[in-house]
Amino acid sequence: MTDDRSTDERRTADRDFEVDLDDVLDDEDDDEGLFDDLLSGEPIFENKEVLRPSYTPHELPHRNDQINNMATILVAALRGETPSNILIYGKTGTGKTASAKFVSQELEKTSKKYDVPCEVEYINCEVTDTQYRVLAQLANTFIDQNRAFVDARIADLSDLRAQADDDPNALEIGGSPGDDRTGNESSEGSDVSDSFSDLRERFDSVAEIDDRIDSLEADKAEMEQVPMTGWPTDRVYATFFDAVDYVERVAVIMLDEIDKLVEKSGDDTLYNLSRMNSELDNSRVSIIGISNDLKFTDFLDPRVKSSLGEEEIVFPPYDANQLRDILQHRSDVAFKADALSDDVLPLCAAFAAQEHGDARRALDLLRTAGELAERDQAENVTEDHVRRAQDKIELDRVVEVVRTLPTQSKLVLYAILLLEDNGVHNVNTGEVYNIYKTLCDELDADVLTQRRVTDLISELDMLGIVNAVVVSKGRYGRTKEISLSVPVEETEAVLEADSRLSDIEDITPFVQARFENN
């Protein structure tokens, strides 16, 4: 009996446990997690990615003339000829890069259609900003393509060899790509150029096929990737040269922000790239340079300037109506139906038109407004979201500009901020200089002359961080009255995030120094 009761008790306990477990699971289902509430709202975006700068649209409103001009120049590549080099100018957000990428995609698509070996390699010179890095990136790209080509060629030859083992007459038909070294599609589906598939070579024996395979494998073994540092530049260039010339191709090299490369590394890269065609045997190279600075060629060697700037295309700023058209095209894809109130696109276009017709700014503004609306779990994007987005973007811009200022400019700005933060407004250059000198002494930094500090204040004024106005003091002459144009709290946080400026603890003595020379 004792054992039976124990069994019954265990069964009852098991049933009780099952009920309790079910209750726990029900409670967990009812309990909303961190993201459940955020996901409960109706999404506003259909495809947010089309509003990002990295997206290349299928249509570029108001840029047909520039696109057709580029296509007219680059069509030479599809005839196996060397296209003229192109320099593209225009301010930020005028569609330069998007248009060039659009034309490049069309060029590569058409080259595949007609089996012409042509490819476009894009380099952002704001990131890849030295001759070594540019040449290394290009060399490694072409080395990868050449390895894929060799693998495809070896696979074809191996197939032919297998056929010859079964039937010696197979050698009479040919069946392998030949020594005219142009690419093919590899057995793995890797797209190397299709143009060599019609070129054949004849083999008299299986031994000749084996020799050809050995030769290709030796080629591949010599295709060494360039490390991102450590080699002499002339070795990097030689590796790039051999890689681009290994197969027959027209290579269009697109250098975005080309002025940043020249500014940091000089024009040696452009000199080498623009003059290498005279030494190439199999390939041809063309350059597309994209710049925000219409005057950057003034700093080039005359020989580089003449060969690089064979064709020039200028992208003018968009006006408000054109920006509205661009926003309409993108918003149709980016947002759910009826997600935007009627005044959103005109307001985004108007704000961006004030920023020299910057389409990138307009798209960024529209995307940010949509994100703010989603965070509010609003049903629509409204004018208020656009205005808040404008404030947020402007603050983000200021933070980034301040963060990247040179140390001396930060010290000058910090001196102005300390005065404003302690109730001293519309200060003059002398007052700022007194505080600046004290800060330099505190941090053991070099002290610039007052004339140089005045220049730094003018630079901060041009960046929109301070407002410096020349005012007349009558018989005392003229002076600059300086005030902050950015939020004090956010600016102070960015400056104090600098490891050197964060060492300053007590600001009171610095403000008091303002009165020492009065």
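From the backbone N, Cα and C atoms, a Cβ is placed for every residue, glycine too.
For T97 (ATP binding site), other Cβ atoms within 10 Å of its Cβ number 23. Swiss-Prot lists T94, G95, K96, T97, A98, Y318, R330 with the feature ATP binding site, giving sequence analysis as the kind of evidence.
Residues annotated as region 'Disordered' in Swiss-Prot: 165-196.
Marked as compositional bias 'Low complexity' by Swiss-Prot: 186-196.
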Quick one: largest C-alpha distance among T94, G95, K96, T97, A98, Y318, R330, binding ATP per the record, in angstrom? 17
Helix, strand or coil at T94 (ATP binding site), per DSSP? coil
For Y318 (ATP binding site), the three-state DSSP class is coil
Neighbouring C-beta atoms (10 Å sphere around the C-beta of A98 (ATP binding site)): 22
